[in-house]
Amino acid sequence: PQSTHGPAPQNGAVPSEATKRDQKLTRGNWGNQIEFVLTSVGYAVGLGNVWRFPYLCYRNGGGAFMFPYFIMLVFCGIPLFFMELSFGQFASQGCLGVWKISPMFKGVGYGMMVVSTYIGIYYNVVISIAFYYFFSSMTPVLPWAYCNNPWNTPDCAGVLDASNLTNGSRPNDLSGNFSHLLNHTLKRTSPSEEYWRLYVLKLSDDIGNFGEVRLSLLGCLGVSWVVVFLCLIRGVKSSGKVVYFTATFPYVVLTILFVRGVTLEGAFTGIMYYLTPQWDKILEAKVWGDAASQIFYSLGCAWGGLITMASYNKFHNNCYRDSVIISITNCATSVYAGFVIFSILGFMAKHLGVDVSRVADHGPGLAFVAYPEALTLLPISPLWSLLFFFMLILLGLGTQFCLLETLVTAIVDEVGNEWILQKKTYVTLAVAVAGFLLGIPLTSQAGIYWLLLMDNYAASFSLVVISCIMCVSIMYIYGHRNYFQDIQMMLGFPPPLFFQICWRFVSPAIIFFILIFTVIQYRPITYNHYQYPGWAVAIGFLMALSSVICIPLYALFQLCRTDGDTLLQRLKNATKPSRGWGPALLEHQTGRYAPTIAPSPEDGFEVQPLHPDKAQIPMVGSNGSSRLQDSRI
């Protein structure tokens, strides 16, 4: 990647080899560019691509949904992705350290940490359920194939039990009868649903009724936390090697399942369901809102992970190219996963003689009920089941690595002394153990209620608020001119005009639109037919608020700490960049970041004091000189 910057290697390698090695020793870097791209792809491509997007697409007008989806990707997804990557890469700091750009807004970084904590807790529980199903699939007959298990109820009607009957004398009558069976009015349940509800979860009747902890799930939760910890034991050094497998293998599995799926009869019906455009839907606000939210959550903006991952990049890495590649890969994966899901759902609907809409589902219901049930219809079903759950595990782990690394990096960068940098493994261990302990309630009999509560509230509208404030603070408080100059210094070219316009006007407007839309669309949460009680919804709102409240609280705290005679003076001082803001390595501190005093050898990695007037927009002269130095580099 360096060759794009002209004669960088010779120039960079000779005079400042010490500083370079120094940065590698203290903070670490990616082994190479591919590791960063794969990690970010693994981070952005998560369970939502498989269990949310296909369903949203089918619900919101099939192929017509792709249109608002790609518009939102271009105007909101890619620009925000590029902004977060460039932000982290420029300062080489985690989601807290970057806020030297405007200390008053450091609460945004704390908000990101809170969001990552919530997601990190429940995400690993989902992975542990996938582990559980993965281990359960290692049998000659899948345990959710038939209705003859001790946990089944008299209402159970299996797909396979019925198909044995259908081969009998009156197939027509029975298939008609069978579509009746699937009707929920008759209270018929599938064996996979009973396996999920009565055996895996032993679901209690109420969110407050915890019952017992499911030891099998707890064991799987332990396994998944151990896996995550071992992969992150040496930070990005070790996780960068793991992603070669975890980020690429899901595509192999998706392709295998895709080929298996499209060769089944009825697959075409399912795919047509997924893709047939209903153009009238495009005029509904809900469709656009869903598209915007899905892009937003799917790319992982405002979780803090993108800033963290980019902070381990080399300073001159072309993160503009990376952001476009990663965003497009993420959306292509969602569309591709839709084919995999709907081809097999179409096959199952054909088999049952019902409409595809009857078998379509989303969220855990798709991953752990509808899809596993469809897999029981295939020959050698345990193999397909193993593959499917292995893919879910890998998709989840890719995201989980980054969530944990975000928290660890933020803590280590914040303390920032030599001692903690050497003890980073212990910090990782502590965060992992805490995550495991906090996840224990989610493995109880009411666990799935809590999991969905966290999924719905902890990481919904708070992300939108965080992202909006981040956009505004960089573009309007720090100043767009300053930021564009920083990017020019880093990449050798200013951000393209399209991105400048998006960052300043379009993306914040879209984010604001998502926020309004989320508020208007709000419905209290339900699970199947269970209505959450008021106190549970209140806890949900408190979780959502807990991340957003960091922003005003920290801003007030910073205002009180800052010196100034008048409030206006304090505001000015609290929002202008602190002295440590700028590129981390001396060799990159050019232009308005050039150190005022000669660097002393023992300073090494320390950031030099900068011009006191650097917060002002620089004069043409200094801008020109920075450009000259940039071309020299």
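Just so it is clear, glycine is given a Cβ too, placed from its N, Cα and C backbone atoms.
Marked as transmembrane segment by TrEMBL: 34-53 (among others). Sequence-distant neighbours of the transmembrane segment (34-53) (same chain, 6+ residues past either end, Cβ-Cβ under 8 Å): 85, 123, 126, 236, 239-241, 243-244, 246-248, 250, 294, 297-300, 305-306, 309-310, 312-313, 317, 322, 325-327, 329-330, 333-335, 337-338, 340-341, 362-364, 366-367, 391-392, 395-399, 401-402.
Sequence-distant contacts (6 or more apart, same chain, Cβ under 8 Å) of Gly42 (Na(+) 1 binding site) comprise Val243, Thr246, Ala247, Leu397, Gly398, Thr399, Phe401, Cys402. Annotated Na(+) 1 binding site per TrEMBL: Gly42, Val45, Ser298, Asn330, Leu395, in sequence order.
Per TrEMBL, Na(+) 2 binding site is recorded for Ala44, Asn49. A simple way to gauge crowding: the CB of Ala44 (Na(+) 2 binding site) has 27 other CB atoms within 10 angstroms, across all the protein chains here.
According to TrEMBL, the feature transmembrane segment maps to 65-87 (among others). With a threshold of 8 Å between CB atoms, the same-chain residues lying at least 6 positions outside the transmembrane segment (65-87) that come near it are 40, 56-57, 98, 101, 281-282, 287-288, 290-292, 294-296, 299, 301-302, 306-307, 309-310, 319-320, 322-324, 326-328, 331, 335, 467, 470-471, 474, 486-487, 490-491, 495, 499, 502-503, 506-507, 510-511.
What TrEMBL lists as transmembrane segment is 108-135 (among others). Under 8 Å from some Cβ of the transmembrane segment (108-135) lie the Cβ atoms of residues 46-47, 94-99, 200, 216-217, 220-221, 223-225, 228, 302-305, 307, 364, 367-368, 372, 385-386, 389-390, 392-393, 396-397, 399-400, 403-404, 406-407, 410, 435-436, 438-439, 442-443, 447, 450-451, 454-455, 458-459, 462-463, 466, 469-470, 473, 543, 546-548, 550-551, 554, all in the same chain and six or more residues away from its ends.
Within 10 Å of the C-beta atom of Cys147 (disulfide bond) sit 19 other C-beta atoms, taking all shown protein chains into account. Marked as disulfide bond by TrEMBL: Cys147-Cys156.
The transmembrane segment annotation in TrEMBL covers 215-236 (among others).
What TrEMBL lists as transmembrane segment is 248-275 (among others).
Sequence annotations record features per position, and here TrEMBL assigns transmembrane segment to 295-312 (among others).
Feature annotation from TrEMBL assigns transmembrane segment to 324-349 (among others). Only residues 6 or more beyond the boundaries of the transmembrane segment (324-349), in the same chain, are considered here, and those with a CB under 8 A from a CB of the stretch are 37, 40-41, 44-45, 49-50, 53-54, 57-58, 66, 69-70, 73, 77-78, 81-82, 159, 251, 254, 257-258, 260-262, 264-274, 295, 298-299, 355-356, 358-360, 366, 370-371, 373-375, 377.
Annotated transmembrane segment per TrEMBL: 383-404 (among others), in sequence order. Same-chain residues lying 6+ beyond the ends of the transmembrane segment (383-404) with a Cβ under 8 Å from its Cβ atoms: 39, 41-43, 45-47, 49-50, 116, 119-120, 123-124, 126-127, 130-131, 133-134, 137-138, 142, 224, 227-229, 231-232, 239, 242-243, 245-247, 249-250, 253-254, 256-257, 260, 300, 303, 305, 308-309, 367, 371-372, 375, 428, 431-432, 435.
Nonlocal intrachain contacts for the transmembrane segment (425-451), taken as residues 6+ away from its ends with a CB within less than 8 angstroms of a stretch CB, comprise 120-122, 124-126, 128, 201-204, 206-214, 217-218, 221-222, 225, 228-229, 232-235, 364, 404, 407-408, 411-412, 527, 530, 532, 536. Annotation source TrEMBL lists transmembrane segment at 425-451 (among others).
Per TrEMBL, transmembrane segment is recorded for 457-477 (among others).
Non-local neighbours of the transmembrane segment (497-520) in the same chain are 72, 75-76, 79-80, 82-83, 285-286, 288-289, 292-293, 296, 460-461, 464-465, 467-468, 471-472, 474-475, 480, 484; each lies 6+ residues outside the stretch with a CB under 8 Å from one of its CB atoms. The transmembrane segment feature in TrEMBL is assigned to 497-520 (among others).
Among the features that TrEMBL reports, transmembrane segment is placed at 532-557 (among others).
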(message) If I take the alpha carbons of Cys156 (disulfide bond) and Asn49 (Na(+) 2 binding site), what is the distance between them in whole Å?
(response) 31
(request) To the nearest whole angstrom, state the Cα distance for the pair Cys147 (disulfide bond) and Asn330 (Na(+) 1 binding site). (result) 39
(request) Determine which residues of this chain, when Gly42, Val45, Ser298, Asn330, Leu395 are set aside, have a Cβ within 8 Å of the centroid of the Na(+) 1 site's Cβ atoms, and list them as they appear in the sequence. (result) Val41, Tyr43, Ala44, Gly46, Gly48, Asn49, Thr333, Gly398, Thr399
(message) What does the structure give for the C-alpha distance between Ser298 (Na(+) 1 binding site) and Ala44 (Na(+) 2 binding site)? Integer Å is fine.
(response) 6
(request) Inside 10 Å of the Cβ of Val45 (Na(+) 1 binding site), count up the other Cβ atoms and send me the figure. (result) 28
(request) State the count of C-beta atoms found within 10 angstroms of the C-beta of Ser298 (Na(+) 1 binding site), not counting that atom itself. (result) 23
(request) Whole-number Å only: compute the distance from the Cα of Asn330 (Na(+) 1 binding site) to the Cα of Asn49 (Na(+) 2 binding site). (result) 8
